[in-house]
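Right, one structure below, let's go through it.
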Ligand SMILES: NC(=O)C1=CN([C@@H]2O[C@H](COP(=O)(O)OP(=O)(O)OC[C@H]3O[C@@H](n4cnc5c(N)ncnc54)[C@H](OP(=O)(O)O)[C@@H]3O)[C@@H](O)[C@H]2O)[C@@H](O)CC1
Ligand SMILES: Nc1ncnc2c1ncn2[C@@H]1O[C@H](COP(=O)(O)OP(=O)(O)O)[C@@H](O)[C@H]1O
Ligand SMILES: [K+]
């Protein structure tokens, strides 16, 4: 697990290294500039003509040092100083003085520059010190840089991207490669920041571990080493050791979602998978997935105790329960959801139509309109202790009765609102899924746009259910499930292409990920 930082936390790491450890700021800057040049030299040649665009903060100081090192290495390089000279930090002033002593070409006015004469641009306008919308001459130069056809390298973070949220503050540079220092910033992972960042290189500029550890961040990401937290399997075991996942899914003659979730739960290692679905789906599911136990009910007899008892029994015997994929929002689906919520004692995943039913129900109560906190609190009191919600952003907007764009603009804040005061685990599905539990937040970096295809959410639900059935704690199962699901999507995309990828390919690719 790697931690991610926001701008305040990164500034604290900088300050710790400089003030407490005593590493001079200019040493860190020199290391940073050398790392940028290393990354550039792997990608450009001596024929390139480079313009480094510098602001007046320390990001601009990095840029000036980059220009000087490139010059020392024999590159053709000029500087455009977009920042005000009298606003420069001490370090940046020093870098400018050195550059001037070397008689480097330093432009102060963009109108005098023939941008077409350059083949490579370096963006050193703003780093983590950006704190407001970009306007005026900064906005103009970013527009010119984004119309440029050559390579664009960003120093630390593309100028204009908020390191805290990944949001574009007015306008932002679109880089091909970003060289960041010490540790990934949240804004480089979240969209649209991730698109502007291009390829992200995290480079070591000499922050001592004690400086990095001095800052506590509640945001993290996984890499492949985290696969070690998969539930262990023993040679001396039987299917009873790996739990029973009960998937309450599907509606009359709509069996696909149930099939995908159930199969994914099996492929993730659940000992037994039981599908609870309307009788109409019996024949097809028995044929498609004979390994699953089937419990079917008659939708028009759900008022009868005997019919309800089937569902209650299934739910009572579960180690993990899924409710929602493909159940629809009919009266029968509502009744089934009621029965499940009333009788569930084990960890539960509330997905898809189940979330829509809850949203519609809450809309009927004036006190719950436009009141995300009250809605979440109400929900947290109606579900088992270890419940995971798996909405995509539109479903979440409906559940919270909140504007979709507001949620997109503040993903982490919205996640915190939902989980800070409850025991819920929230999986906010998107191109970068965020998982939140209490104050802890996880940003998922696996997966690809091929997964934007019908049914891939049902597969995710099954994967998480498979992990829950094997005894993982809900919040851990949610994070690992999201990560594995994305990795499987990446394997599948390699084999089939992002265009052709289908949800069932993700299930088949789980095998390669879990090997
Ligand atoms: N020693 C260290 O700490 C190390 C730091 N390092 C590097 O320093 C970077 C951080 O440097 P930083 O803190 O100086 O801030 P930075 O990102 O350059 O920008 C601040 C400047 O921009 C201005 N400004 C802000 N918003 C604006 C806007 N919208 N429109 C216009 N102006 C705006 C703001 O001016 P003001 O607010 O005063 O008007 C100020 O002048 C970091 O990302 C890394 O690259 C590395 O060398 C490693 C060691
Ligand atoms: N561009 C993308 N990059 C990574 N993952 C994606 C992308 N688009 C979709 N996904 C993932 O695919 C799944 C889609 O789920 P969902 O929206 O519920 O679809 P469905 O209802 O069709 O099953 C989520 O896990 C989401 O994170
Ligand atoms: K930058």
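Just so you know, glycine gets a Cβ as well, placed from its N, Cα and C.
Curation plays no part in TrEMBL annotations; they are all automatic predictions.
According to TrEMBL, 123, 159 bind K(+); the candidate from 58, 59, 238 that the record adds to this site is 59.
TrEMBL annotates 429, 430, 431, 432, 433 as AMP-binding residues; of 455, 457, 462, the candidate listed for that same site is 457. In terms of C-alpha distance, the listed binding-site residues 58, 429, 432, 433 place 58 closest to residue 123 (K(+) binding site). Look at the domain 'Rhodanese' (35-85): DSSP puts its residues at 23 helix, 12 strand, 16 coil. Sequence-ordered, the extra residues of this chain that approach the K(+) site, with Cβ no more than 8 Å from the Cβ center of 59, 123, 159, are 53, 55, 60, 63, 124, 125, 126, 127, 154, 155, 156, 157, 158, 160, 173. Between the CA atoms of residue 61 ((6S)-NADPHX binding site) and residue 431 (AMP binding site) there is a gap of 34 Å, rounded to the nearest whole number. Within 8 Å of the centroid of the Cβ atoms of 429, 430, 431, 432, 433, 457, where the record puts AMP, the same chain has further Cβ atoms from 392, 393, 428, 434, 444, 447.
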